There are 2 protein chains.
Amino acid sequence: MKFKIAILGAGNVAWHLAPALEDAGHEITEVYARDIQNAIGITERVYSAEPKDDLDFSESRAKIFILTVKDSAISELADQVILPEDSILVHTSGTMSLEILGYSSASYTGILYPLQSFTKGKKVEMDEVPFLIESEDEGTLQKLKKLAKTISPLVYQVRSRDRKAVHVAAVFGSNFTNHMIRIAEEIMQRQGLDFEMLKPLIIETLSKSLQIGAKKAQTGPAIREDYETLDEHHRFLAYNEQLAEIYRLISQDIIDS
Amino acid sequence: MKFKIAILGAGNVAWHLAPALEDAGHEITEVYARDIQNAIGITERVYSAEPKDDLDFSESRAKIFILTVKDSAISELADQVILPEDSILVHTSGTMSLEILGYSSASYTGILYPLQSFTKGKKVEMDEVPFLIESEDEGTLQKLKKLAKTISPLVYQVRSRDRKAVHVAAVFGSNFTNHMIRIAEEIMQRQGLDFEMLKPLIIETLSKSLQIGAKKAQTGPAIREDYETLDEHHRFLAYNEQLAEIYRLISQDIIDS
(Lines of atoms letter the chains of each structure in order from A and count residues from 1; the text may use other names and numbers.)
(Lines give C-alpha, C1' and ligand atoms only; values in the text may rest on other atoms or scores of the structure.)
Protein backbone atom coordinates (compact mmCIF):
# COMPACT_ATOMS: atom_id res chain seq x y z
CA MET A 1 0.00 0.00 0.00
CA LYS A 2 1.61 3.24 -1.18
CA PHE A 3 0.49 6.59 0.19
CA LYS A 4 0.62 10.19 -0.92
CA ILE A 5 1.94 12.13 2.01
CA ALA A 6 2.38 15.80 2.91
CA ILE A 7 4.79 16.82 5.62
CA LEU A 8 4.29 19.88 7.82
CA GLY A 9 7.39 21.14 9.52
CA ALA A 10 11.01 21.12 8.37
CA GLY A 11 12.95 20.11 11.47
CA ASN A 12 14.94 17.02 12.45
CA VAL A 13 12.01 14.60 12.13
CA ALA A 14 11.03 15.85 8.67
CA TRP A 15 14.67 15.74 7.55
CA HIS A 16 14.88 12.02 8.35
CA LEU A 17 11.28 10.95 7.70
CA ALA A 18 10.71 12.44 4.22
CA PRO A 19 13.49 10.50 2.42
CA ALA A 20 12.68 7.35 4.42
CA LEU A 21 9.05 7.49 3.30
CA GLU A 22 10.08 8.07 -0.30
CA ASP A 23 12.63 5.22 -0.16
CA ALA A 24 9.78 3.01 1.03
CA GLY A 25 7.83 3.84 -2.15
CA HIS A 26 5.49 6.55 -0.92
CA GLU A 27 5.12 9.91 -2.61
CA ILE A 28 5.88 13.13 -0.74
CA THR A 29 3.55 15.69 -2.35
CA GLU A 30 4.27 18.84 -0.30
CA VAL A 31 6.45 20.07 2.52
CA TYR A 32 5.18 23.02 4.56
CA ALA A 33 7.26 25.42 6.63
CA ARG A 34 6.50 28.97 7.75
CA ASP A 35 9.76 29.97 6.06
CA ILE A 36 9.74 28.60 2.49
CA GLN A 37 13.55 28.23 2.55
CA ASN A 38 13.24 25.67 5.31
CA ALA A 39 10.60 23.79 3.31
CA ILE A 40 12.97 23.74 0.32
CA GLY A 41 15.67 22.29 2.60
CA ILE A 42 13.44 19.21 2.92
CA THR A 43 11.96 19.06 -0.61
CA GLU A 44 15.53 19.00 -1.94
CA ARG A 45 15.99 15.68 -0.15
CA VAL A 46 13.16 14.00 -2.10
CA TYR A 47 12.11 13.54 -5.73
CA SER A 48 9.45 16.13 -6.50
CA ALA A 49 7.67 17.52 -3.45
CA GLU A 50 6.34 21.06 -3.58
CA PRO A 51 7.59 23.47 -0.90
CA LYS A 52 4.79 25.52 0.69
CA ASP A 53 4.53 28.35 3.20
CA ASP A 54 0.74 28.50 3.33
CA LEU A 55 -1.60 26.11 5.10
CA ASP A 56 -4.20 25.66 2.38
CA PHE A 57 -3.94 21.99 1.41
CA SER A 58 -7.52 21.81 0.00
CA GLU A 59 -6.12 20.97 -3.48
CA SER A 60 -3.46 18.55 -2.22
CA ARG A 61 -3.32 15.02 -3.61
CA ALA A 62 -2.01 13.78 -0.24
CA LYS A 63 -4.05 11.43 1.90
CA ILE A 64 -1.88 11.50 5.02
CA PHE A 65 -0.61 14.74 6.59
CA ILE A 66 2.23 14.40 9.04
CA LEU A 67 2.86 17.17 11.57
CA THR A 68 6.54 17.09 12.49
CA VAL A 69 6.69 20.46 14.24
CA LYS A 70 7.70 20.90 17.88
CA ASP A 71 5.12 20.10 20.58
CA SER A 72 4.18 23.68 21.32
CA ALA A 73 3.30 24.37 17.66
CA ILE A 74 1.11 21.31 17.02
CA SER A 75 -2.17 22.67 18.34
CA GLU A 76 -2.13 25.93 16.37
CA LEU A 77 -1.06 24.27 13.14
CA ALA A 78 -3.69 21.52 13.47
CA ASP A 79 -6.38 24.14 13.97
CA GLN A 80 -5.31 26.25 10.99
CA VAL A 81 -4.41 23.74 8.29
CA ILE A 82 -7.05 23.34 5.58
CA LEU A 83 -7.24 19.69 4.54
CA PRO A 84 -8.98 17.89 1.67
CA GLU A 85 -11.81 15.43 2.30
CA ASP A 86 -11.09 12.03 3.85
CA SER A 87 -7.65 13.09 5.02
CA ILE A 88 -5.72 11.68 7.94
CA LEU A 89 -3.78 14.09 10.16
CA VAL A 90 -1.13 12.67 12.48
CA HIS A 91 1.48 14.17 14.78
CA THR A 92 4.86 12.66 15.62
CA SER A 93 5.18 13.68 19.28
CA GLY A 94 5.91 11.37 22.18
CA THR A 95 4.17 13.59 24.70
CA MET A 96 1.16 15.24 23.09
CA SER A 97 -2.25 13.62 23.23
CA LEU A 98 -4.42 12.58 20.31
CA GLU A 99 -7.07 15.08 21.43
CA ILE A 100 -4.81 17.99 20.49
CA LEU A 101 -5.74 17.27 16.85
CA GLY A 102 -9.47 17.26 17.70
CA TYR A 103 -10.29 20.72 16.33
CA SER A 104 -8.61 20.19 12.96
CA SER A 105 -10.43 19.82 9.63
CA ALA A 106 -9.12 16.25 9.25
CA SER A 107 -11.56 13.36 8.86
CA TYR A 108 -9.30 11.11 10.89
CA THR A 109 -6.49 11.71 13.34
CA GLY A 110 -3.66 9.63 14.72
CA ILE A 111 -0.14 9.53 16.10
CA LEU A 112 2.98 8.23 14.38
CA TYR A 113 5.75 8.64 16.95
CA PRO A 114 9.28 7.60 15.92
CA LEU A 115 10.97 6.71 19.21
CA GLN A 116 14.41 7.98 18.33
CA SER A 117 16.60 11.03 18.77
CA PHE A 118 17.12 12.77 15.43
CA THR A 119 19.74 15.32 14.48
CA LYS A 120 19.87 16.85 11.00
CA GLY A 121 22.88 15.58 9.09
CA LYS A 122 23.47 12.58 11.38
CA LYS A 123 22.33 9.42 9.64
CA VAL A 124 19.92 7.16 11.51
CA GLU A 125 19.09 3.64 10.33
CA MET A 126 15.36 4.20 9.92
CA ASP A 127 14.63 0.47 9.77
CA GLU A 128 15.84 0.24 13.38
CA VAL A 129 13.55 3.01 14.63
CA PRO A 130 10.51 1.87 16.64
CA PHE A 131 7.26 3.56 15.59
CA LEU A 132 4.52 3.98 18.17
CA ILE A 133 1.14 4.40 16.54
CA GLU A 134 -2.26 5.36 17.83
CA SER A 135 -5.71 6.23 16.51
CA GLU A 136 -9.30 5.96 17.67
CA ASP A 137 -10.37 4.91 14.17
CA GLU A 138 -9.65 1.28 13.32
CA GLY A 139 -9.20 1.96 9.57
CA THR A 140 -6.74 4.76 10.30
CA LEU A 141 -4.86 2.55 12.75
CA GLN A 142 -4.44 -0.12 10.09
CA LYS A 143 -3.24 2.45 7.54
CA LEU A 144 -0.71 3.91 9.98
CA LYS A 145 0.50 0.43 10.87
CA LYS A 146 0.99 -0.41 7.17
CA LEU A 147 2.71 2.91 6.57
CA ALA A 148 5.10 2.49 9.52
CA LYS A 149 5.84 -1.15 8.59
CA THR A 150 7.15 0.00 5.21
CA ILE A 151 9.90 1.88 7.06
CA SER A 152 10.64 -0.31 10.08
CA PRO A 153 9.59 -3.70 11.41
CA LEU A 154 9.41 -2.23 14.92
CA VAL A 155 5.82 -0.96 14.99
CA TYR A 156 3.95 -0.84 18.30
CA GLN A 157 0.33 0.08 18.85
CA VAL A 158 0.34 2.01 22.11
CA ARG A 159 -2.41 3.80 24.05
CA SER A 160 -1.85 7.44 25.10
CA ARG A 161 -1.44 6.41 28.75
CA ASP A 162 1.27 3.94 27.81
CA ARG A 163 2.94 6.38 25.44
CA LYS A 164 3.42 8.66 28.45
CA ALA A 165 5.07 5.80 30.37
CA VAL A 166 7.33 5.16 27.37
CA HIS A 167 8.28 8.82 27.34
CA VAL A 168 9.11 8.90 31.06
CA ALA A 169 11.17 5.72 30.63
CA ALA A 170 12.91 7.32 27.64
CA VAL A 171 13.84 10.34 29.76
CA PHE A 172 15.56 8.05 32.28
CA GLY A 173 17.11 5.73 29.67
CA SER A 174 18.27 8.48 27.35
CA ASN A 175 18.34 12.05 28.78
CA PHE A 176 19.32 11.04 32.31
CA THR A 177 21.97 8.48 31.28
CA ASN A 178 23.37 11.24 29.08
CA HIS A 179 23.40 13.63 32.04
CA MET A 180 25.27 11.10 34.18
CA ILE A 181 27.93 11.02 31.46
CA ARG A 182 27.92 14.83 31.47
CA ILE A 183 28.62 14.84 35.20
CA ALA A 184 31.43 12.30 34.72
CA GLU A 185 32.94 14.56 32.03
CA GLU A 186 32.84 17.52 34.39
CA ILE A 187 34.44 15.68 37.31
CA MET A 188 37.29 14.62 35.06
CA GLN A 189 37.73 18.09 33.53
CA ARG A 190 37.69 19.75 36.94
CA GLN A 191 40.61 17.53 37.96
CA GLY A 192 42.43 18.07 34.67
CA LEU A 193 42.01 14.42 33.70
CA ASP A 194 41.37 12.99 30.23
CA PHE A 195 37.74 11.86 29.86
CA GLU A 196 38.85 9.39 27.14
CA MET A 197 40.13 7.24 30.02
CA LEU A 198 36.55 6.48 31.06
CA LYS A 199 35.05 5.68 27.68
CA PRO A 200 35.95 1.96 27.50
CA LEU A 201 34.34 1.40 30.92
CA ILE A 202 31.18 3.29 29.96
CA ILE A 203 30.86 1.42 26.66
CA GLU A 204 31.41 -1.96 28.33
CA THR A 205 28.93 -1.26 31.15
CA LEU A 206 26.18 -0.07 28.87
CA SER A 207 26.58 -2.85 26.35
CA LYS A 208 26.44 -5.31 29.25
CA SER A 209 23.40 -3.51 30.64
CA LEU A 210 21.45 -3.78 27.40
CA GLN A 211 22.59 -7.37 26.89
CA ILE A 212 21.94 -8.98 30.28
CA GLY A 213 19.66 -6.35 31.88
CA ALA A 214 20.64 -3.46 34.13
CA LYS A 215 19.83 -5.26 37.37
CA LYS A 216 22.36 -8.04 36.75
CA ALA A 217 24.87 -5.63 35.20
CA GLN A 218 25.12 -3.34 38.24
CA THR A 219 28.48 -3.02 39.98
CA GLY A 220 30.13 -0.37 42.16
CA PRO A 221 30.09 0.81 45.76
CA ALA A 222 26.31 1.24 46.17
CA ILE A 223 25.30 -2.30 45.13
CA ARG A 224 28.14 -3.66 47.34
CA GLU A 225 26.81 -1.44 50.17
CA ASP A 226 30.37 -0.20 50.59
CA TYR A 227 29.47 2.71 52.87
CA GLU A 228 33.09 3.73 53.39
CA THR A 229 33.54 4.46 49.68
CA LEU A 230 30.08 6.05 49.44
CA ASP A 231 30.99 8.43 52.29
CA GLU A 232 34.34 9.25 50.71
CA HIS A 233 32.73 10.01 47.35
CA HIS A 234 30.07 12.11 49.03
CA ARG A 235 32.79 14.16 50.72
CA PHE A 236 34.65 14.45 47.42
CA LEU A 237 31.54 16.04 45.88
CA ALA A 238 31.11 18.57 48.71
CA TYR A 239 32.09 21.38 46.28
CA ASN A 240 28.65 21.04 44.63
CA GLU A 241 25.76 20.41 46.99
CA GLN A 242 23.30 19.40 44.27
CA LEU A 243 25.76 16.91 42.82
CA ALA A 244 26.42 15.41 46.26
CA GLU A 245 22.67 15.04 46.75
CA ILE A 246 22.28 13.34 43.34
CA TYR A 247 25.08 10.96 44.33
CA ARG A 248 23.42 10.19 47.66
CA LEU A 249 19.92 9.71 46.24
CA ILE A 250 20.86 7.44 43.32
CA SER A 251 23.15 5.37 45.56
CA GLN A 252 20.27 4.98 48.03
CA ASP A 253 17.97 3.89 45.22
CA ILE A 254 20.52 1.30 44.06
CA ILE A 255 20.79 -0.02 47.63
CA ASP A 256 16.99 -0.14 48.00
CA SER A 257 16.32 -1.88 44.70
CA MET B 1 61.01 -6.34 29.38
CA LYS B 2 59.45 -9.60 30.50
CA PHE B 3 58.45 -10.13 34.11
CA LYS B 4 57.82 -13.08 36.38
CA ILE B 5 54.54 -12.39 38.10
CA ALA B 6 52.53 -13.97 40.91
CA ILE B 7 48.84 -13.27 41.22
CA LEU B 8 47.02 -13.21 44.55
CA GLY B 9 43.27 -13.63 44.30
CA ALA B 10 41.19 -15.62 41.84
CA GLY B 11 38.28 -13.33 41.03
CA ASN B 12 37.20 -11.46 37.90
CA VAL B 13 40.37 -9.36 37.63
CA ALA B 14 42.69 -12.39 37.97
CA TRP B 15 40.58 -14.33 35.45
CA HIS B 16 41.17 -11.65 32.80
CA LEU B 17 44.60 -10.37 33.81
CA ALA B 18 46.52 -13.67 34.09
CA PRO B 19 46.05 -14.80 30.45
CA ALA B 20 46.53 -11.22 29.21
CA LEU B 21 49.88 -11.01 30.99
CA GLU B 22 50.95 -14.38 29.63
CA ASP B 23 49.86 -13.46 26.09
CA ALA B 24 52.05 -10.37 26.45
CA GLY B 25 55.06 -12.62 27.10
CA HIS B 26 55.29 -12.52 30.90
CA GLU B 27 55.44 -15.62 33.07
CA ILE B 28 52.78 -16.29 35.69
CA THR B 29 54.64 -18.23 38.39
CA GLU B 30 51.94 -18.74 41.04
CA VAL B 31 48.29 -17.99 41.69
CA TYR B 32 47.17 -17.75 45.30
CA ALA B 33 43.64 -18.23 46.62
CA ARG B 34 42.45 -19.20 50.10
CA ASP B 35 40.59 -22.08 48.44
CA ILE B 36 43.05 -23.98 46.23
CA GLN B 37 40.25 -24.92 43.80
CA ASN B 38 39.75 -21.26 42.99
CA ALA B 39 43.49 -20.85 42.39
CA ILE B 40 43.39 -23.83 40.02
CA GLY B 41 40.51 -22.14 38.16
CA ILE B 42 43.01 -19.42 37.21
CA THR B 43 46.18 -21.52 36.75
CA GLU B 44 44.24 -23.63 34.23
CA ARG B 45 43.94 -20.51 32.08
CA VAL B 46 47.73 -20.12 31.77
CA TYR B 47 50.72 -22.27 30.79
CA SER B 48 52.37 -23.49 33.98
CA ALA B 49 51.54 -21.42 37.07
CA GLU B 50 51.48 -23.14 40.43
CA PRO B 51 48.26 -22.91 42.45
CA LYS B 52 48.83 -21.99 46.10
CA ASP B 53 46.69 -21.65 49.22
CA ASP B 54 49.45 -20.43 51.54
CA LEU B 55 51.00 -16.98 51.64
CA ASP B 56 54.67 -17.97 51.88
CA PHE B 57 56.19 -16.67 48.65
CA SER B 58 59.76 -16.49 50.05
CA GLU B 59 60.92 -19.07 47.47
CA SER B 60 58.96 -17.57 44.56
CA ARG B 61 60.78 -16.62 41.35
CA ALA B 62 58.29 -13.81 40.82
CA LYS B 63 59.39 -10.18 40.90
CA ILE B 64 55.96 -8.55 40.79
CA PHE B 65 53.09 -9.65 43.03
CA ILE B 66 49.64 -8.49 41.99
CA LEU B 67 46.85 -8.37 44.58
CA THR B 68 43.55 -8.79 42.73
CA VAL B 69 41.35 -9.46 45.77
CA LYS B 70 38.40 -7.29 46.76
CA ASP B 71 39.09 -3.97 48.51
CA SER B 72 38.24 -5.19 51.99
CA ALA B 73 40.74 -8.07 51.77
CA ILE B 74 43.75 -6.09 50.50
CA SER B 75 45.07 -4.85 53.83
CA GLU B 76 45.11 -8.22 55.60
CA LEU B 77 46.65 -10.03 52.64
CA ALA B 78 49.33 -7.37 52.18
CA ASP B 79 50.27 -7.65 55.86
CA GLN B 80 50.46 -11.45 55.82
CA VAL B 81 52.10 -12.32 52.50
CA ILE B 82 55.77 -13.30 52.82
CA LEU B 83 57.64 -11.94 49.83
CA PRO B 84 61.16 -12.51 48.50
CA GLU B 85 63.76 -9.73 48.46
CA ASP B 86 63.44 -6.84 46.00
CA SER B 87 59.84 -7.66 45.24
CA ILE B 88 57.17 -5.25 44.08
CA LEU B 89 53.67 -5.57 45.55
CA VAL B 90 50.79 -3.84 43.75
CA HIS B 91 47.04 -3.80 44.16
CA THR B 92 44.47 -3.36 41.39
CA SER B 93 41.85 -1.29 43.20
CA GLY B 94 40.38 2.00 42.03
CA THR B 95 39.58 3.16 45.54
CA MET B 96 42.25 1.95 47.96
CA SER B 97 45.31 4.08 48.71
CA LEU B 98 48.91 3.15 48.16
CA GLU B 99 49.51 3.40 51.91
CA ILE B 100 47.37 0.31 52.51
CA LEU B 101 50.36 -1.73 51.28
CA GLY B 102 52.73 0.10 53.64
CA TYR B 103 53.03 -2.66 56.25
CA SER B 104 53.80 -5.44 53.79
CA SER B 105 57.18 -7.16 53.42
CA ALA B 106 57.54 -5.81 49.87
CA SER B 107 60.55 -3.68 48.96
CA TYR B 108 58.41 -1.55 46.65
CA THR B 109 54.70 -0.94 46.34
CA GLY B 110 52.43 0.39 43.65
CA ILE B 111 49.01 0.37 42.03
CA LEU B 112 48.02 -1.17 38.71
CA TYR B 113 44.32 -0.33 38.31
CA PRO B 114 42.58 -1.62 35.19
CA LEU B 115 39.71 0.83 34.65
CA GLN B 116 37.19 -1.66 33.36
CA SER B 117 34.30 -3.78 34.57
CA PHE B 118 35.25 -7.47 34.45
CA THR B 119 32.96 -10.50 34.58
CA LYS B 120 34.34 -14.04 34.49
CA GLY B 121 33.54 -15.69 31.18
CA LYS B 122 32.78 -12.42 29.37
CA LYS B 123 35.61 -11.55 27.03
CA VAL B 124 37.13 -8.07 27.32
CA GLU B 125 39.55 -6.66 24.76
CA MET B 126 42.44 -6.11 27.16
CA ASP B 127 44.28 -3.84 24.72
CA GLU B 128 41.37 -1.37 25.07
CA VAL B 129 41.52 -1.29 28.87
CA PRO B 130 43.06 1.83 30.41
CA PHE B 131 45.58 1.09 33.17
CA LEU B 132 46.07 3.68 35.92
CA ILE B 133 49.43 3.26 37.60
CA GLU B 134 51.00 4.74 40.67
CA SER B 135 54.08 4.33 42.83
CA GLU B 136 56.25 6.51 45.06
CA ASP B 137 59.37 4.82 43.70
CA GLU B 138 60.46 6.02 40.26
CA GLY B 139 62.01 2.67 39.27
CA THR B 140 58.83 0.82 40.24
CA LEU B 141 56.73 3.35 38.33
CA GLN B 142 58.78 2.74 35.18
CA LYS B 143 58.46 -1.04 35.57
CA LEU B 144 54.69 -0.82 36.06
CA LYS B 145 54.41 1.46 33.07
CA LYS B 146 56.38 -1.00 30.92
CA LEU B 147 54.33 -3.90 32.23
CA ALA B 148 50.99 -2.19 31.55
CA LYS B 149 52.13 -1.04 28.09
CA THR B 150 52.66 -4.66 27.06
CA ILE B 151 48.91 -5.21 27.55
CA SER B 152 47.37 -1.91 26.49
CA PRO B 153 48.51 1.39 24.97
CA LEU B 154 46.19 3.25 27.38
CA VAL B 155 48.47 3.70 30.38
CA TYR B 156 48.00 6.71 32.64
CA GLN B 157 50.14 7.75 35.58
CA VAL B 158 47.68 9.08 38.12
CA ARG B 159 48.09 10.37 41.68
CA SER B 160 45.91 8.89 44.45
CA ARG B 161 43.87 12.08 44.69
CA ASP B 162 43.12 11.96 40.97
CA ARG B 163 42.41 8.24 41.07
CA LYS B 164 39.61 9.03 43.53
CA ALA B 165 38.18 11.59 41.09
CA VAL B 166 38.36 9.01 38.31
CA HIS B 167 36.49 6.56 40.50
CA VAL B 168 33.73 9.04 41.37
CA ALA B 169 33.40 9.91 37.67
CA ALA B 170 33.27 6.20 36.86
CA VAL B 171 30.41 5.74 39.32
CA PHE B 172 28.41 8.41 37.48
CA GLY B 173 29.43 7.29 33.98
CA SER B 174 28.97 3.61 34.60
CA ASN B 175 27.00 2.59 37.72
CA PHE B 176 24.56 5.50 37.60
CA THR B 177 23.95 5.38 33.85
CA ASN B 178 23.26 1.69 34.37
CA HIS B 179 20.80 2.50 37.16
CA MET B 180 18.97 4.98 34.93
CA ILE B 181 18.50 2.15 32.44
CA ARG B 182 17.31 -0.05 35.31
CA ILE B 183 14.65 2.52 36.19
CA ALA B 184 13.59 2.75 32.53
CA GLU B 185 13.25 -1.05 32.45
CA GLU B 186 11.05 -0.98 35.55
CA ILE B 187 8.77 1.77 34.26
CA MET B 188 8.20 -0.22 31.07
CA GLN B 189 7.64 -3.51 32.91
CA ARG B 190 5.22 -1.91 35.35
CA GLN B 191 3.12 -0.76 32.38
CA GLY B 192 3.42 -4.13 30.62
CA LEU B 193 5.45 -2.60 27.80
CA ASP B 194 8.34 -4.18 25.90
CA PHE B 195 11.68 -2.65 26.98
CA GLU B 196 13.15 -3.60 23.57
CA MET B 197 11.22 -0.62 22.21
CA LEU B 198 13.60 1.75 24.03
CA LYS B 199 16.91 0.16 23.13
CA PRO B 200 17.52 1.90 19.76
CA LEU B 201 16.98 5.29 21.41
CA ILE B 202 19.31 4.49 24.30
CA ILE B 203 22.03 3.20 21.95
CA GLU B 204 21.73 6.24 19.67
CA THR B 205 21.80 8.73 22.56
CA LEU B 206 24.81 7.20 24.24
CA SER B 207 26.81 6.79 21.05
CA LYS B 208 26.05 10.44 20.27
CA SER B 209 27.00 11.41 23.83
CA LEU B 210 30.42 9.75 23.63
CA GLN B 211 30.97 11.09 20.11
CA ILE B 212 30.06 14.77 20.43
CA GLY B 213 30.07 15.16 24.24
CA ALA B 214 27.13 14.86 26.61
CA LYS B 215 26.48 18.60 26.83
CA LYS B 216 25.78 18.95 23.10
CA ALA B 217 23.98 15.61 22.96
CA GLN B 218 21.35 16.48 25.57
CA THR B 219 17.69 16.53 24.50
CA GLY B 220 14.38 16.10 26.32
CA PRO B 221 11.99 18.14 28.44
CA ALA B 222 14.52 19.38 31.04
CA ILE B 223 16.98 20.97 28.61
CA ARG B 224 14.00 22.50 26.74
CA GLU B 225 12.72 23.78 30.11
CA ASP B 226 9.38 22.25 29.17
CA TYR B 227 7.86 22.58 32.64
CA GLU B 228 4.48 21.22 31.55
CA THR B 229 6.00 17.86 30.58
CA LEU B 230 8.27 17.85 33.64
CA ASP B 231 5.23 18.32 35.89
CA GLU B 232 3.30 15.61 34.07
CA HIS B 233 6.20 13.15 34.41
CA HIS B 234 6.60 14.03 38.06
CA ARG B 235 2.93 13.25 38.65
CA PHE B 236 3.26 10.00 36.68
CA LEU B 237 6.01 8.92 39.11
CA ALA B 238 3.97 9.70 42.22
CA TYR B 239 3.68 5.94 42.95
CA ASN B 240 7.34 5.99 44.07
CA GLU B 241 8.41 9.06 46.02
CA GLN B 242 12.14 8.36 45.74
CA LEU B 243 11.87 7.94 41.98
CA ALA B 244 9.90 11.18 41.65
CA GLU B 245 12.60 12.96 43.67
CA ILE B 246 15.35 11.51 41.45
CA TYR B 247 13.42 12.75 38.41
CA ARG B 248 13.04 16.22 39.93
CA LEU B 249 16.66 16.53 41.05
CA ILE B 250 18.31 15.37 37.82
CA SER B 251 15.95 17.52 35.73
CA GLN B 252 16.87 20.51 37.92
CA ASP B 253 20.57 19.76 37.43
CA ILE B 254 20.10 19.59 33.64
CA ILE B 255 18.30 22.95 33.73
CA ASP B 256 21.02 24.49 35.93
CA SER B 257 23.95 23.26 33.86
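Glycine is no exception: its Cβ is also placed from the backbone N, Cα and C atoms.
According to TrEMBL, the protein has these features:
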{"type": "DOMAIN", "residues": "B:2-101", "note": "domain 'Putative oxidoreductase/dehydrogenase Rossmann-like'"}
{"type": "DOMAIN", "residues": "B:129-253", "note": "domain 'DUF2520'"}
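Residue counts for the domain 'Putative oxidoreductase/dehydrogenase Rossmann-like' (B:2-101) under DSSP (helix as H, G, I; strand as E, B; rest coil) come to 33 helix, 24 strand, 43 coil. Confidence for the domain 'Putative oxidoreductase/dehydrogenase Rossmann-like' (B:2-101), expressed as mean pLDDT, is 96. In terms of DSSP helix, strand and coil, the domain 'DUF2520' (B:129-253) has 91 helix, 7 strand, 27 coil.
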